[in-house]
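Shown next, in structure tokens, is the structure this report addresses.
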């Protein structure tokens, strides 16, 4: 063993395979089974997570980590009394982990002993605190002392390895009790004998334990005062001054270097073997232990620093400072009854209650092993560090920190003891126990990194005037230190953490620590008191020792900048490396000169360089890390919503005759890319030839290149593709989906293209209005038709901007500045910030006011164009812009979409390559904090200038085509669709039918009936691409589930099966609801053996048991069709349905105005024809008073002989229509007392089949069985909601003719139109005609096309 950390030990180990030495940290924790304890394990793994992302020459290398589980019972005596301090210094003298070897938590295993009793050890010298003192024992006896009550224990342990044991009392002991019972029972016997000795002990300055060491034990918080008073009185009787620890909030300071004691207080020695270290380990009632160990490890609540440097062994606990978030770890679990643990493994009490075995987890972290020493060892050496060596080490530290910060990691505990030195005298930054990942970086860091010349213009000197008058940080009270961020070692901790004057801190906290470290490297201290005083002056007032600034000006400048109290004034690692203040390495100079030569692509060495670069192999850690797969994975429902969103958008684009054209992913760097407004965030890469290539930042530039390269003259295209944003080095670029619609054409047609593009925007906003505004309150919620949808489209024309700026008095040299500043108005800055920025760029207040007058005005497009025409009449350059806008107004008025458009002169979007018309579609999302908040959904414009700039032959630029396009923020729309779906489904399943309802969902008595109908349509709208989900309960039944799924696949049913086990039906239903799956088939082992399956419909929550052989037929009958998929059937208008039913229900009449007279087969106008039924909820016509053989023809309101062919789907949700022997009867007031009620069969579900008679024409015999099922499904949807009498039969003719042919067919006894059809269809039509005449006695006939799977209702023929 080579070291001991805050949660475990570090051992030196040799791998049996490669025979190399490694440092392995072992951390032992409880085996948590409660999910609530998972965050604790995650915190414990923070160091592993941090180290795994780092791989640098000057950072301790991480290899791997693993966890082993074990069941701990009472350990053996040998195991339970492992001496962690006996040979510690011998090992530490050779190993770099020596700094973390001594100062650690209690060595007592929580599972080895059930409790600890109190024992006393007299303490003298400088380590006595408040009379009570710390308990110290030498290496020979290795005794420990426990201070505890029923809920809190304090373990004080120490080690001494040499003759310094004479300073201590080896055979005396003393008890510090915090409980009356403990005091009475255990300390009276020993306290008297120690009274005289105790009086000689000098008082020490007491301090409070910092928030870093406070456990989160909230129990017995109110018992502190009573415990203290009781214990104080008893200790007073024993002649001793004791200190009570209340809820582990108070501690002792053994590090103040008060040398006013007796001559025995000389333990601070130059001899390394005479060193001494004390440790305070605390545990609360829950077993959480916290330790105060080193002179630089605790920030005292009193505001003072423990600065004693008595540890010449350089012991620095490698995890000895803790954030509050680490205080939840439980490392010890003592019972109320306590014992003393001595070196010979004997317990001082006679009985101990055994604890049951507990599962423990041991985390192993394998790291690079470094021998030699630390930077602290070099600093403490006689003579210190040479100036040249100090700069070399500083550069290595900065390079290592630069890598750490580039991974968005803050070390937070940078100090000499945590900077190791390897065999080659190079730096290795280690101890990442307090490092935090993903901490917010200060804004100044971002600004500095994005500024090209920031490094050269860095201000590395800061005046002392800004800090000289400030209150020293040591004057802070207790409250000022009780902050979460209060971590790190005091002398190296930055002011913003100690003073709590900032909510977030970034990498600049490490730069402050670096300043203190560099000062220690440059200045040799003679005594510890001198070190303490000088560092205090340096931190408080930036006061250097006399002569330091004159003899070391470069070092002074660096230190002064690093120790600036303002974090924004401290340089970053990158700025410091490029500042020129650090002497460059010789190899750097050589490399820079070489790069100047080989960077020329025309020489052969350039190819050699590229070849070598691309021959590099990645480190195995990079291969195993997740850095290049860091884009978050999406839920299945998100992916489904994305596909459905793309499908809905695609329908709109296809409706306009566009085609999908994708462009190449990579394209070379060019001047247009470099001037792009988002150029800083473009993802750039190098190919093997040394060409810089870009991933697309947007889809406009790649498309414009495609148009120019392929000489496209006319095109209307759309695309869905990814765009990318640059991430931190070593991470995948951020991926986003974008959709573009573009029109390329001749210049003369550009105005029509502009209007069509704006029409596309309107159609998209209307298509997604429910999703975009579904969560809004008021009239904007719901379907969107009842209230005004608050979206607008702002328009501007760049041809007007120059004229307006000239009108405002802006000089031309400021035009670009104004455009760039105003461009941020609608998404980053408000107008006050824009005005301030313009003033900072040199524009006068009056000019800014004039600009505001124009740019802040917006209004209705047509009206504003008229006003601008008169206002800019004297500016010739505005003529083109005014003319284009007037034409646009006319075109928008022609297609009746003008009211949605506003003219907004402040709209400036991608001015680098857009010219002419630009536009943006936005929605208003006001909040309490920002009532004018808007969100941009689409933007675009005319990019003729971009196409010209990419053209290889500028002389032909006048013949170049023009282009206009719109870009959609797909992710915003997809997220809106997803959120809207979740919102509706949450409401849907809260109001749907449950088993507790007495009436079924279809019953009129069920109050949830209307909600259920709405919810079903909602569920269908967001239905998954999977129709049936096959799963099992109890047993896995993987093979059986595959068989059932295969059975469904063979019938064309979209199905999937679960590969995981479910133990609850509710889990299955919940999964289906979340993923929009309408049906679930549940297999149980015993039921499956007899061929029975359980089927449940998720939307109605109805269950039934189905035989396996009937499963396919069941789903073919019951299949629900998603409104977003290609429906087999389509809805019709309510007027067409009314005409049909009205004509059918006119018993004995000739239709509405027809001439059929009293014919029982009247056609309503003299011609029999076909008609289809469409969906309608309103068809209340007259009652059918008798059951005579009356019939109806195809009548309509226009009283014409022509029939309107209508597609066949109908769904009656709240009506009762009867299919009887006389035809279709609409009976809105049907009741049980009706004369026909006894003959009525009510079908609760559309899956029940109607009574039919089917005649097949042109159908193979083998296919008739399957076709019959399809026909039944079609009829169930066609007559959904109808009631069929027992005596009625629906006649169906199944033919292989196309639906379009059947739809156009007209037949009567006097004439037909068969002659107009092609010869191929005539024979089949004649057969169909003959069958129709055979069934002319029936009121209607259903003709079903198996070719298109659609049906037509054909009325009677006369």
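Counting starts with 1 at the first residue shown.
Cβ coordinates come from backbone N, Cα and C, glycine included.
The stretch that Swiss-Prot tags with region 'Disordered', taken from the ranges 419-444, 445-470, 471-496, 497-522, is 445-470. Between the stretches 1148-1204, 1205-1261, 1262-1318, Swiss-Prot puts its region 'Disordered' entry on 1148-1204. Ranking the binding-site residues 2, 10 by how many Cβ atoms sit within 10 Å of each one's Cβ puts 10 at the top. The DSSP secondary structure for residue 413 (active site, proton acceptor) is coil. Long-range Cβ proximity for residue 8 (ATP binding site), meaning a same-chain Cβ under 8 A and a gap of 6 or more residues, is found for 25, 26, 27, 28, 362, 363. For the recorded site, residue 10 (ATP binding site), the DSSP three-state label reads strand. Cα-Cα distance from residue 4 (ATP binding site) to residue 413 (active site, proton acceptor): 17 Å (rounded to the nearest whole number).
A 10 Å cutoff on Cβ-Cβ distances gives residue 4 (ATP binding site) a total of 28 other Cβ atoms nearby, all chains included. The number of other Cβ atoms within 10 Å of the Cβ belonging to residue 413 (active site, proton acceptor), over all protein chains shown, comes to 26.
Comparing residue 2 (ATP binding site) with residue 413 (active site, proton acceptor), their Cα atoms are 21 Å apart once rounded. A distance of 19 Å separates the Cα atom of residue 413 (active site, proton acceptor) from that of residue 10 (ATP binding site).
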